[in-house]
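Have a look at the structure below, then the notes.
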Amino acid sequence: MATVAVALSGGVDSSTTALLMKEAGHRVFTLTMATNDRVAAEAARVSAFLGLPHHVLDISGLFEQRVIGPFCAAYLEGRTPNPCIACNRDLKYGTLFRQAVEWGADYFATGHYARVRFEPEPGRYVLLRARDPRKDQSYVLFYLDQERLARLLLPLGDLTKETVREKARAAGIPFTAAESQEICFVAGDDYRTFIRRRCGQAVAEGPFVDRQGNVLGRHRGIPFYTIGQRRGLGLALGRPVFVLGFNRERNAVIVGPEEELWHTAFLAVDVHYILPQPAGGTLIEAQIRYRAKAAPARLYPQPPDAARVVFEKPQRAITPGQAAVFYQGERVVGGGIISCAVR
């Protein structure tokens, strides 16, 4: 019997994870990263129902420093971040994981839909996609290292969402019914309103321009646009145009025809490998957005922590700031943050 710490939010996934760990006969305690009283109360209610010791870590300061601050800064710089990447790397599998181990946990369990297994060849733990491709969350976990993977339990990785809900309901768990929103700290996932309230003074109107620098109109501020956007531009040009990029020096949003959104390659930075670093030209599948389909590509590592990825076919709207995760079959090779697209 092992001691297992469960990261508990009070939602159906983490609540069912706690249930499964208890049913497996482990000594279980729960940990909650609290950014507000509501989250702490919901998690405490579930933990009490299951009869498990519960601990709350107030990470509001760290959350501001490691997640919200960089999120805002990225948008101000014309990048489109995925805050879940930083939250999982630095907080859930950083601060929370370390606290769990310090308090005696042999293993750390979460409600993520992914799988972990040890493979004798290459002699390490590997991260795999979930059995249910509709719920797979391996994309946001590519920064996990061997220390964490060796202690990680992901009991939902072999289950469907429907099965998880059925288990929770059958047990009578008082879980939070609502599905998690895409950005947990942004009401209604309306990031534009959030940015305007948080850093409106740093947002300035500027010109829409084409590739030649011709002014086509005025925009409301670089953070309110993302690569590939067509709607909401307010341009009446007699032809459809899309956001292609940004010119920070001119505070300009570059727009143009859709065909200019397609690129065959990109550069990634802050690259981390779970499998051994591949040789240059290794065939992989690269996933450039959370719900995008991974596409065949060649991976060219550029030590110490960058990589160039070349697709077999051009991809639409490769977006700086988004994570790019590299797969071979169902195994996660590694991943990084898109720096720029390359034709």
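Yeah, the Cβs are placed from backbone N, Cα and C, and that goes for glycine too.
Here is what Swiss-Prot says about this protein:
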type     : residues                                                           : note
ACT_SITE : Cys87                                                              : active site, nucleophile
ACT_SITE : Cys184                                                             : active site, cysteine persulfide intermediate
BINDING  : Ala7, Leu8, Ser9, Gly10, Gly11, Val12, Asp13, Ser14, Met33, Gly111 : ATP binding site
DISULFID : Cys87-Cys184                                                       : disulfide bond
SITE     : His112                                                             : site 'Interaction with tRNA'
SITE     : Gln322                                                             : site 'Interaction with tRNA'
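Structure coloured by features recorded in Swiss-Prot.
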residue	record	contacts (Cβ under 8 Å, 6+ apart)
Ala7	ATP binding site	Ser14, Thr30, Leu31, Thr32, Met33, Lys92, Leu96, Ala100, Phe108, Ala109, Thr110, Gly111
Asp13	ATP binding site	Gly111, His112, Tyr113, Leu156, Val164
Cys87	active site, nucleophile	Phe63, Arg66, Val67
Cys184	active site, cysteine persulfide intermediate	none
Gln322	site 'Interaction with tRNA'	Thr80, Pro81, Asn82, Ile288, Arg289, Ile337, Ile338
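Between the farthest pair of Cα atoms in the ATP binding residues (Ala7, Leu8, Ser9, Gly10, Gly11, Val12, Asp13, Ser14, Met33, Gly111), the distance is 16 Å.
DSSP assigns the residue listed as 'active site, cysteine persulfide intermediate' to coil, not to a helix or a strand. Asp13 (ATP binding site) carries a helical DSSP state (H, G or I). Within the group of recorded positions (Ser9, Gly11, Met33, His112), the Cβ with the highest number of other Cβ atoms inside 10 Å belongs to His112. The residue listed as 'active site, nucleophile' falls within a helix when secondary structure is assigned with DSSP.
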